[in-house]
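A short write-up of the structure that comes next.
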Amino acid sequence: MSSINLSSSSPSTISLSRSRLSQSSTTLLHGLHRVTLPSNHPLSTFSIKTNTGKVKAAVISREDDLLSFTNGNTPLSNGSLIDDRTEEPLEADSVSLGTLAADSAPAPANGFVAEDDDFELDLPTPGFSSIPEAIEDIRQGKLVVVVDDEDRENEGDLVMAAQLATPEAMAFIVRHGTGIVCVSMKEDDLERLHLPLMVNQKENEEKLSTAFTVTVDAKHGTTTGVSARDRATTILSLASRDSKPEDFNRPGHIFPLKYREGGVLKRAGHTEASVDLTVLAGLDPVGVLCEIVDDDGSMARLPKLREFAAENNLKVVSIADLIRYRRKRDKLVERASAARIPTMWGPFTAYCYRSILDGIEHIAMVKGEIGDGQDILVRVHSECLTGDIFGSARCDCGNQLALSMQQIEATGRGVLVYLRGHEGRGIGLGHKLRAYNLQDAGRDTVEANEELGLPVDSREYGIGAQIIRDLGVRTMKLMTNNPAKYVGLKGYGLAIVGRVPLLSLITKENKRYLETKRTKMGHMYGLKFKGDVVEKIESESES
């Protein structure tokens, strides 16, 4: 995760000339200025006349607040605020929900400071080996320890490629595992070998709905089927493309499992991880897996798994890292259709993208020609039915959506990607409403999710990144306040050359929500440096 680090600027006093009315402004940080504009005005943007022409700018909120100006920390000397509609000097405050694309600065200068390595999805979670290292060991016929999420089974499995199984490997697995040796296989291979599920999925009462088939032993080359050599023989037979249904006795001592198509991207289980690793290693899609037990026979947890792996020179990888690895490389969406759509902000071209994994349809609103794909203004917006459609005042989602479209229209070129399935930061509409009830009872948005046993933010941006790339974007100015989104998109190889903040108006209804996002989730709703505090979040709008 990237760190939040705001560099400091020395304040300087400058003057805004506005039709015989001079107002003072303090230069703050990278195009943000504290400014006093005494009255109200319906505009959300205005222009500043300079010696070199006219540039767009915006005032955030109301009196004594923030003005955003494209020239970074350059003082606005001899500039005039111009009403864009009348070309006349502006005599009133200009209220905006954010800044224009021209107001962006290089991303590190805007507070999202992270080492380049922080964006590399191939880097393992601290304390784990990398996925490429595990893939190489699988390719060589070695065992790997695969660990799932602590909120799932929180267990580790010994995993290897089935086609490389040996009696020695089986003896090691049986000695350190539960003794229940499983072989994960794709549906086509199970059907070819006539291996039906033990119970249909509707009747499956196993905690994680693991899809067990009938058990088997190889008919040829085995005795009782239980020895390490017999089990290796059975596993090699299951992995063989030449095997036939009549080559197996039923029941037996090996437990075939049905792999979920899509692998760990559809189900974050050891069954799927074992096949995914063998496929990534260039081997046949059949994996061996067995749960590791502690010395007392209980399931081994992560500290013991690390100790065990170190003693036996085994790599330990997490399914979460495997998911990230695959999302970076697999094709996740396909373009379905496109049409021109006139909007309240102006004409856009809408592109529908369909998820290959789950069929969810997403939309990209494109303004102008992407051309060489350089320096494109981009907003990746997560679906929020209550805010975007019904205008809920609990959040600032609808305001950010409208502001993003407005800014893209004003810029004349840009992309807004609307990701569905992100409702409530990924928890879904029903859970979001339950969380609202807890918030009404005193919890904040983070505490409410945690009390419901749900992740604070489970959104993933691989689909958005692939849509952006498919549209031809190569470098972008990202409209966001969220460092997780910045890192999430950067991790998919997209070059982010600037960040454009989206600073929403504060209301009584959303103040606590925005404050929580700022203090607990790192959102950039306030700027603090060298004793001079600019905290929009602390000045509650009375409107």
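For all residues, glycine too, the Cβ spot is worked out from N, Cα and C.
Remember, predicted model here, so these are calculated numbers, not experimental data.
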Record-annotated GTP site (Swiss-Prot): member among Gln400, Gln406, Gln466 besides Arg379, Val380, His381, Ser382, Glu383, Glu423, Gly424, Arg425, Thr445, Thr480, Lys485: Gln400
Neighbour-count leader, CB within 10 A, binding-site residues: Asp157, Glu291: Asp157
Sparsest-packed of the listed recorded positions (His253, His270) - C-beta count within 10 angstroms: His253
Cα distance (Å, whole number) from Ala268 (D-ribulose 5-phosphate binding site) to Arg459 (active site, nucleophile): 15
By Cα-Cα distance, the member of recorded positions Asp157, Ala268, His270, Glu291, Asp457 nearest His253 (site 'Essential for DHBP synthase activity'): Glu291
